[in-house]
Amino acid sequence: MEVVRRWLVLLSMVLMIMQSGEGQLLENFYANSCPNLESIVRQEVSTKFTQTFVTIPATLRLFFHDCFVEGCDASVLISSSSGDAEKDAKDNLSLAGDGFDTVIKAKQAVEAQCPGVVSCADILALAAREVVVLAGGPSWEVELGRRDGLISQASRVTGNLPEPEFNLDQLNTLFARNNLTQLDMIALSGAHTLGFSHCDRFSSRIYSSSIDPTLDSSYAQQLMDACPQNVDPSIAINMDPETPRTFDNVYYQNLIGGKGLFSSDQVLNTDPDSEPTVSDFATNPGNFNAAFITAMRKLGRVGVKTGNEGEIRIDCTTFNS
């Protein structure tokens, strides 16, 4: 019996190790090796925020785009002289430079105190939490211990990020590939309460043969005024027309009012399978915040490299070798 018991214990340990690295992330991973890590990152993010509000949506979006391609491994931060890194993919060209700058500056500050210890992936995960807090959103404990990836290719981005015209099934399928549920997806979509979008990402809703009937008519006119046909492609507008600089549940109230910017936003309210969650989040900010925290922690576990996998980059924009 003792032999059987030991075999079962060993088997359970092996299974834990095989679970995509999730069990290897720890909230206190750097407690001894870099005890001031979180305060260093918090200070750097706060400093960057005082320079530009774009720091907030840019950093949060950067984390999402990183995790959905190759996992949360800072592969999106790599720069390539030949223009074929992950950040060079068409779907990533709209990532604002302030997000990259936030992580790079935080990494430099961390390296000054804890050289060669903390991954860029972990710094990005911490920075994502900090920008949510700076915008008035909830805080949470960030699991740490990720290592930086060794692959960053533009060709591997296609099909791994949600498109603005996705329907509910397409959204659910993509998120499920990353071990995220429909509830997680709806909660993470709430990040659209911050940030902006370029006009070409939603122009088909207002400039096809007819205006998308799910759009509120006054909001549709507002979009046409801000984004006339043949507008400069660099023009961008707020994702949330009501409280674009505050992390709150107004995004869901907007959906109920027909003011979702993307059809992939609006479908969350028009599809009967997701509408009850939208209604709940619109009226219960505590429920939204709790679901968002859970979803962000789960997002942070996607495809992580741990142990001897990957590396700890010294410069977030370049592989060590």
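Glycine too: its Cβ is placed from the backbone N, Cα and C atoms.
Taken from TrEMBL, the feature signal peptide covers 1-23.
Per-residue pLDDT, averaged across the domain 'Plant heme peroxidase family profile' (24-320), gives 97. Per TrEMBL, the feature domain 'Plant heme peroxidase family profile' maps to 24-320.
Here TrEMBL flags Cys34-Cys114 (among others) as disulfide bond. Residue environment of Cys114 (disulfide bond) contains 16 other Cβ atoms, counted within 10 Å of its Cβ in all protein chains.
Annotation source TrEMBL lists site 'Transition state stabilizer' at Arg61. In the shown protein chains, 22 other C-beta atoms lie within 10 A of the C-beta of Arg61 (site 'Transition state stabilizer').
For His65, the entry in TrEMBL reads active site, proton acceptor. For His65 (active site, proton acceptor), other Cβ atoms within 10 Å of its Cβ number 22.
Summarising the annotation, TrEMBL assigns Ca(2+) 1 binding site to Asp66, Val69, Gly71, Asp73, Ser75, Glu86. Within the same chain, residues at least 6 positions away in sequence whose Cβ sits under 8 Å from that of Gly71 (Ca(2+) 1 binding site) are Gly149, Val302, Gly303, Val304, Lys305.
Long-range C-beta contacts of Cys72 (disulfide bond), restricted to its own chain and to partners at least six residues apart, with a cutoff below 8 Å, comprise Phe63, Asp66, Ala121, Leu124, Ala125, Arg146, Leu299, Gly300, Arg301, Val302, Gly303, Val304. The disulfide bond annotation in TrEMBL covers Cys67-Cys72 (among others).
The Cβ of Cys316 (disulfide bond) has Ala74, Leu77, Val103, Ile104, Lys107, Cys120, Ile123, Asp148 as same-chain neighbours under 8 Å, each 6 or more residues away in sequence. The annotation disulfide bond is assigned in TrEMBL to Cys120-Cys316 (among others).
Spatially close to Pro162 (substrate binding site) yet at least six residues away along the chain are Gln170, Leu171, Leu174, Phe175, Ser264, judged by Cβ distances under 8 angstroms. Look at TrEMBL and you will find Pro162 tagged as substrate binding site.
Less than 8 angstroms from the CB of His192 (heme b binding site) sit Met239, Asp240, Tyr251, Leu261, Phe262, Asp265, each of them six or more residues away in the same chain. Summarising the annotation, TrEMBL assigns heme b binding site to His192.
Per TrEMBL, Ca(2+) 2 binding site is recorded for Thr193, Asp240, Thr243, Asp248. Applying an 8 A CB threshold to same-chain residues 6+ apart, the list for Thr193 (Ca(2+) 2 binding site) reads Met239, Asp240, Thr243, Pro244, Thr246, Phe247, Asp248, Asn249, Val250, Tyr251.
Around the Cβ of Cys227 (disulfide bond), 22 further Cβ atoms fall within 10 Å across all displayed protein chains. Residues annotated as disulfide bond in TrEMBL: Cys199-Cys227 (among others).
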Within 10 Å, the Cβ with the most other Cβ atoms among the binding-site residues Asp66, Asp240, Asp248 is that of Asp66
Taking only the CA atoms, the spacing between Cys227 (disulfide bond) and Glu86 (Ca(2+) 1 binding site), expressed in whole angstrom, is 29
Within 10 angstroms of the C-beta of Glu86 (Ca(2+) 1 binding site), the count of other C-beta atoms across all shown chains comes to 27
By a 10 Å Cβ neighbour count, the lowest-scoring of the recorded positions Cys34, Val69, Cys120, Cys199 is Cys34
